[in-house]
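Chemist: Pulled from TrEMBL, these are the listed features:
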REGION    1-47  region 'Disordered'
TRANSMEM  71-92  transmembrane segment
TRANSMEM  104-125  transmembrane segment
TRANSMEM  145-168  transmembrane segment
TRANSMEM  188-207  transmembrane segment
TRANSMEM  219-238  transmembrane segment
TRANSMEM  262-286  transmembrane segment
TRANSMEM  298-321  transmembrane segment
TRANSMEM  350-379  transmembrane segment
TRANSMEM  400-420  transmembrane segment
TRANSMEM  426-450  transmembrane segment
TRANSMEM  462-485  transmembrane segment
TRANSMEM  497-518  transmembrane segment
Amino acid sequence: MSLLSTFRPGQNDGMDSSSSSPPPHMDLKHEQQNYGGEAPAVRRPSKADGADGMLEGLGYKPELTRSRSTLQVAFMSFVLASIPWGLSTTLYYPLVNGGPVTIIWGWILVSAIILCVAASLGVYYQAFMLAPARWQRVASWICGWLYLVGNITITLSVTFGATTFIVACINVFESSPGASDVFPGTTWQIWLLFLAITLVCNAISALGNKWLPMLDTAAIFWTFAGVIAMVISVLVLAKEGRRSANYVFTHWDNSSGWPNGWSFFVGLLHAGYATSSTGMIISMCEEVRDPSTQVPKAMVATIVINTLGGLLFLIPIVFVLPDIQMLINIESAQPIPTIFKSAVGSAGGAFGLLIPLIALCLMCSIACTTATSRCVWAFARDGAIPGAKLWMKVNKKLDVPVNAMMLSMIVQLALGLIYFGSTLAFNAFSGVGVICLTAAYACPIAINLFTGRKQVRKGNFFLGPLGYFTNIVALAWTLLALPLFCMPTSIPVTADTLNYAFAVFIGAAAISGIWYAIWGYNNYAGPPTQEEEL
């Protein structure tokens with residue numbers, strides 16, 4: 001496999017392509033690197049030193065407790081995706097763009113692609129180490145800011161998605177379809193619920209850090225028990241009948257206005273969003289006992305489990321799918337509550353089946369909050385965020401980078417205020433996370449591929465020629481996904497249906513570029529390295 005491991009210049013003990021454990025987080029007191037001269041000869045850290053020893057050998061100070069096992073890493077990776085809920089909240093996209101074919105086959109296709117992405121994955125530390133010397137700082141800076149913005153905005157998207165999903169679940173008790181007379185979901189109601197969820201998730205992540213692995217473990221059993229209950233209930237009751245297997249696997253229903261082929265690709269946003277958090281687990285590597293092997297194995301195992309779990313959830317849903325046009329016209333754009341109500345024949349029964357998804361969406365929000373706080377902390381300790389000395393501090397009592405977590409939360413709440421002025425502008429900010437993370441994942445993969453994959457030939461998970469295939473698939477997906485995720489769901493396009501995520505992406509890139517020109521060019525040294533002649 002081509003996966004994450006602790007990276008050393010000229011050698012990679014555990015990855016095939018650009019993946020490695022995330023940058024061990026840099027102490028700002030480290031000596032600035034002299035890019036034009038020769039680095040002093042030092043002993044290269046090895047696995048015999050242990051994870052913390054290798055971290056110190058690379059120039060970082062271990063500050064977080066390594067308490068997560070391989071299974072716990074896999075469980076958190078699973079919760080970051082929260083596949084049943086992740087596939088529920090964006091089901092609108094494939095319903096408009098192809099119906100059952102896009103729902104089922106789109107999920108299978110994207111899952112196979114994401115497996116290649118995971119087998120090639122790296123972040124800004126890997127971009128720095130793999131790039132030619134003159135481009136190291138720029139490559140690391142670009143990749144790091146994409147990853148940072150992606151983490152913050154995807155967490156915003158997850159939390160706000162949980163908000164709208166909960167509102168839709170409550171309105172399953174409405175007096176008539178589309179009435180929304182139980183919980184009207186006004187702007188103030190939505191924002192206050194979003195505020196409450198954000199504060200609760202940050203509080204649990206900060207104050208309950210040592211119990212989070214147990215919460216992730218519980219989420220696994222909760223998820224599969226819930227999915228089994230949902231599947232059995234909707235298939236057995238099926239008050240409005242069951243679709244044929246031919247309908248489930250071959251029926252095409254394009255309501256988007258796009259040509260059929262392109263409509264299928266636009267519908268892939270459904271699966272793309274659900275799998276976009278694949279690389280966020282990288283931010284947790286300093287809390288993993290043996291990140292160079294545990295994280296790669298956990299990521300691949302999780303993708304396989306997610307693929308099967310997604311099919312277990314989606315196929316029964318399509319078997320009891322009511323009229324697609326009716327689902328598309330739901331004001332909340334959350335069709336799952338209506339599908340469950342249609343299948344079981346009662347609002348109370350439907351809400352009971354939705355409880356596992358509601359719990360899972362909150363667990364996902366907590367996991368994303370946790371991973372994002374580590375991402376902010378990591379980049380701050382490498383000196384790339386304004387006010388880095390403040391954000392890099394760790395609360396020793398809680399064993400959590402609380403300041404970094406608060407920064408992430410404040411940014412999300414500030415962006416949430418945009419919802420009062422324009423839901424379109426807010427949706428653009430919450431949707432840009434998929435774009436930024438996809439681009440961040442691609443940076444080190446592209447550098448690795450175009451430099452001949454020279455630095456990954458001695459890894460524990462070296463794929464050989466197959467590594468080229470996984471890298472190329474990952475980059476091809478990026479080239480397709482970036483414009484794809486900027487497309488409106490349907491045409492003709494109006495000011496109210498235009499997807500403004502690309503404008504936000506360009507704006508974030510411009511801010512990053514300006515900050516680099518003003519400050520980063522003269523001050524950002526990149527991650528610390530330990531180099532010697534090979």
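Each residue, glycine too, has its Cβ placed from N, Cα and C.
Curation does not apply to TrEMBL; its annotations are automatic.
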Chemist: Six or more residues beyond either end and a Cβ under 8 Å away: which residues meet both conditions relative to the transmembrane segment (188-207)?
Modeler: 159-160, 162-164, 166-167, 362, 365-366, 369-370, 373, 395, 398, 400, 402, 405-406, 409, 412-413, 416-417, 419-420
Chemist: Which residues of the chain, 6 or more past the ends of the transmembrane segment (71-92), have a CB below 8 A from one of its CBs?
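Modeler: Contacts with the transmembrane segment (71-92): 103, 107, 161-162, 164-165, 212-213, 216-217, 219-220, 223, 226-227, 230, 269-271, 273-275, 277-278, 280-281, 284, 288, 294-295, 297-299, 301-302, 305-306, 309-310, 313-314, 317, 327-328, 333-336, 356-357, 360-361, 363-364, 367-368, 370-371, 489.
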Chemist: What stretch in 145-168, 219-238, 262-286, 350-379 has the biggest tally of Cβ pairs under 8 Å against the transmembrane segment (497-518)?
Modeler: 145-168
Chemist: Is the count of Cβ pairs under 8 Å between the transmembrane segment (145-168) and the transmembrane segment (298-321), pairs 6 or more apart in sequence, 3 or more?
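Modeler: Counting Cβ pairs under 8 Å (6 or more apart in sequence), the transmembrane segment (145-168) does not reach the transmembrane segment (298-321), since there are fewer than 3.
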Chemist: Could you give the residue numbers and ranges of same-chain residues that sit at least 6 residues beyond the transmembrane segment (426-450) on either side and whose C-beta is under 8 angstroms from one of its C-beta atoms?
Modeler: 17-19, 117, 120-124, 126-127, 130-131, 139, 142-144, 146-147, 149-157, 160-161, 269, 272-273, 276-280, 415-416, 418-419, 456, 468, 471-472, 474-475, 477-478, 481-482, 485-486, 499-505, 508
Chemist: Between 262-286, 298-321, 462-485, who has the most Cβ pairs under 8 Å to the transmembrane segment (350-379)?
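Modeler: The stretch I would name here is 262-286.
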Chemist: In the same chain, which residue numbers or ranges, 6 or more beyond the ends of the transmembrane segment (462-485), come under 8 angstroms Cβ to Cβ?
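Modeler: Distal contacts: 1-2, 16-17, 113, 116-117, 119-120, 265-266, 268-269, 272, 431, 434-435, 438-439, 441-442, 445-446, 448-449, 453, 456, 499, 501.
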